[in-house]
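First up is the structure itself, then whatever we jot down about it.
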């Protein structure tokens with residue numbers, strides 16, 4: 001379900017916990033804990049593996065914080081970037097920032113130390129924050145796809161207003177907060193005795209009922225279906241119809257041709273965002289599904305390492321989006337450059353071209369005004 005305190009923590013034997021977490025240790029009374037067999041040592045305790053994990057997580061955090069902060073900054077700063085679609089994109093960036101700043105540092109610490117040293121409050125907060133952010137991202141990507149489908153496929157003249165877009169964003173966070181709440185509620189911060197007089201602090205899922213409760217499995221499978229499979233199905237259907245419409249559309253006039261090309265490029269960019277999100281989260285979702293179906297997966301020697309690698313792959317989606325925006329969208333590329341140069345206006349770059357194009361656009365709009373006007377407006381990102 002989340003990176004902190006999975007069912008593995010509760011199902012390991014005392015000997016397995018001792019071997020994986022520590023290696024040679026002494027008890028508070030000075031008794032030596034026997035050295036574990038080399039083949040039993042958890043790989044995440046090896047120095048070279050820990051160095052790789054530190055580099056991976058720190059790189060994701062650094063790239064994510066810089067990239068997502070930049071996206072939010074340019075959408076707020078430049079008036080021409082304040083479109084409905086860009087507000088939704090900025091919301092994705094906020095969700096990714098939550099993961100970068102509130103989840104990943106503590107997840108890395110927990111993975112390296114083998115026990116939860118951050119206290120009971122963060123034990124409940126960190127898994128909840130990650131679940132919340134992922135669900136916000138999924139809902140936002142679905143809303144973007146449905147909005148573009150509505151405008152482009154059906155040629156609707158009325159677009160979502162900025163006020164309505166803020167309402168949708170608020171609802172996305174509210175719904176996600178409710179759906180992710182079990183991750184905070186059904187959690188236990190406790191001491192686990194490894195050997196007599198030797199304990200570690202654990203942060204684990206604790207569902208009501210028996211020790212191996214079905215509630216956790218039901219929640220995990222429901223989340224997979226409602227917040228991954230179903231949204232991706234809706235998004236795939238929407239973008240398939242959008243792409244079909246764009247390929248079959250014939251625009252009269254040079255200005256409309258230009259906007260048609262922009263629509264295609266923007267659609268490609270947003271499809272790539274969805275693909276990156278879906279592919280990066282697929283291994284972790286599949287692995288969690290395997291755990292839910294067969295709990296013996298928890299007994300794998302390298303369970304923790306496999307889970308950590310899949311978690312790192314999933315977290316790559318938190319910094320990939322700004323790279324895609326800068327690579328595939330000229331408006332974002334110009335906005336990023338303007339922000340780095342501390343320029344106050346976005347049109348400071350290629351300003352003469354912008355003025356000329358605006359004049360041509362106004363002339364073409366007067367000549368070609370008609371039922372396709374809404375189609376032309378649909379994807380100004």
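Our numbering is plain: 1 for the first residue shown, then up by one each step along the chain.
Using N, Cα and C of the backbone, Cβ positions are placed for all residues, glycine too.
In sequence order, no residues are near residue 342 (S-palmitoyl cysteine), counting only same-chain partners six or more apart with C-beta under 8 A. If you look up Swiss-Prot, you'll see 342 marked as S-palmitoyl cysteine, on the strength of sequence analysis.
Taken from Swiss-Prot, the feature region 'Disordered' covers 1-35.
Swiss-Prot lists 1-51 (among others) with the feature topological domain 'Extracellular'.
Note on the topological domain 'Cytoplasmic' (73-86): residues 144, 147-148, 159-162, 165, 266, 331-332, 335-336, 338-339, 345-347, 379-381 of its chain, located 6 or more positions outside it, place their CB under 8 angstroms from a CB of the stretch. According to Swiss-Prot, the feature topological domain 'Cytoplasmic' maps to 73-86 (among others).
What Swiss-Prot lists as topological domain 'Extracellular' is 108-124 (among others). For the topological domain 'Extracellular' (108-124), the mean pLDDT of the prediction comes to 90.
If you look up Swiss-Prot, you'll see 146-165 (among others) marked as topological domain 'Cytoplasmic', on the strength of sequence analysis.
If you look up Swiss-Prot, you'll see 187-216 (among others) marked as topological domain 'Extracellular'.
Under the heading topological domain 'Cytoplasmic', Swiss-Prot lists 238-268 (among others), citing sequence analysis as support.
According to Swiss-Prot, the topological domain 'Extracellular' annotation covers 290-304 (among others).
Under the heading topological domain 'Cytoplasmic', Swiss-Prot lists 326-381 (among others), citing sequence analysis as support.
Positions annotated as transmembrane segment by Swiss-Prot, on the basis of sequence analysis: 52-72 (among others). Taking Cβ pairs closer than 8 Å, the transmembrane segment (52-72) reaches residues 44, 89-90, 93-94, 96-97, 99-101, 104-105, 107-108, 111-112, 308, 312, 315-316, 318-319, 321-323, 325, 332, 336, 339 in its own chain, all 6 or more past its ends.
Annotation comment: Swiss-Prot describes 87-107 (among others) as transmembrane segment, evidence class sequence analysis.
Tertiary proximity for the transmembrane segment (125-145) is limited to same-chain residues at least six positions away from its ends with a CB under 8 Å from its CB atoms, namely 1-5, 85, 88-89, 91-92, 94-96, 98-99, 102-103, 106-107, 118, 168-169, 172-173, 175-177, 179-181, 183-184, 187, 223, 227-228, 231, 234-235, 238-239, 270, 273-274, 277, 281, 317. Swiss-Prot lists 125-145 (among others) with the feature transmembrane segment.
For 166-186 (among others), the entry in Swiss-Prot reads transmembrane segment. Tertiary proximity for the transmembrane segment (166-186) is limited to same-chain residues at least six positions away from its ends with a CB under 8 Å from its CB atoms, namely 1-2, 87-88, 91, 124-125, 127-128, 130-133, 135-136, 139-140, 143, 160, 205-208, 215-216, 219, 223, 226-227.
Among the features that Swiss-Prot reports, transmembrane segment is placed at 217-237 (among others), with the record citing sequence analysis.
The transmembrane segment feature in Swiss-Prot is assigned to 269-289 (among others); the stated evidence is sequence analysis.
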Mind tallying the topological domain 'Extracellular' (187-216) by DSSP state, helix then strand then coil? 3 helix, 17 strand, 10 coil
Secondary structure at residue 342 (S-palmitoyl cysteine) (DSSP, helix/strand/coil)? coil
